[in-house]
Amino acid sequence: MSLSTAPTAKLTLLNKLSCAIFGNVYNPQGIRTGNKILRQRLVGPTVNSYYPNVKQIKLREITRMAPEMNLIDQEEKTRLEDLSERKKRGKGPPKKGQGRRSTLKKK
């Protein structure tokens with residue numbers, strides 16, 4: 001055993017032993033392991049606790065529960081009106097079986 005290899009072997013053994021004692025990861029080549037990121041606290045629970053867990057009740061659910069109230073959804077009403085206007089102009093969706101794919105087969 002030469003003099004130059006003996007101290008390096010002892011140093012690596014000492015480094016390995018100190019890593020085992022203090023709970024560090026032994027990494028003699030210095031390769032990136034991602035330990036820094038894995039040790040960090042998780043962000044997900046903090047973000048979830050910031051926003052309140054409140055369920056939004058929609059008008060459709062209220063009308064299903066109490067149909068005797070005769071509530072009208074203005075957004076749905078305007079959507080249906082716009083759809084009927086488009087159908088009058090010929091811009092609505094095609095009837096079932098008369099779409100683009102069926103016209104391709106006929107040619």
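Using the three backbone atoms N, Cα and C, a Cβ is placed for every residue, glycine included.
TrEMBL does not curate its annotations; it predicts them automatically.
Here is what TrEMBL records for this protein:
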COMPBIAS  74-85  compositional bias 'Basic and acidic residues'
COMPBIAS  86-107  compositional bias 'Basic residues'
REGION    73-107  region 'Disordered'
Sequence-remote contacts (6 or more beyond its ends) of the compositional bias 'Basic and acidic residues' (74-85), Cβ cut-off under 8 Å?
60, 92
Give me the DSSP three-state residue breakdown of the compositional bias 'Basic and acidic residues' (74-85), ordered helix, strand, coil.
12 helix, 0 strand, 0 coil
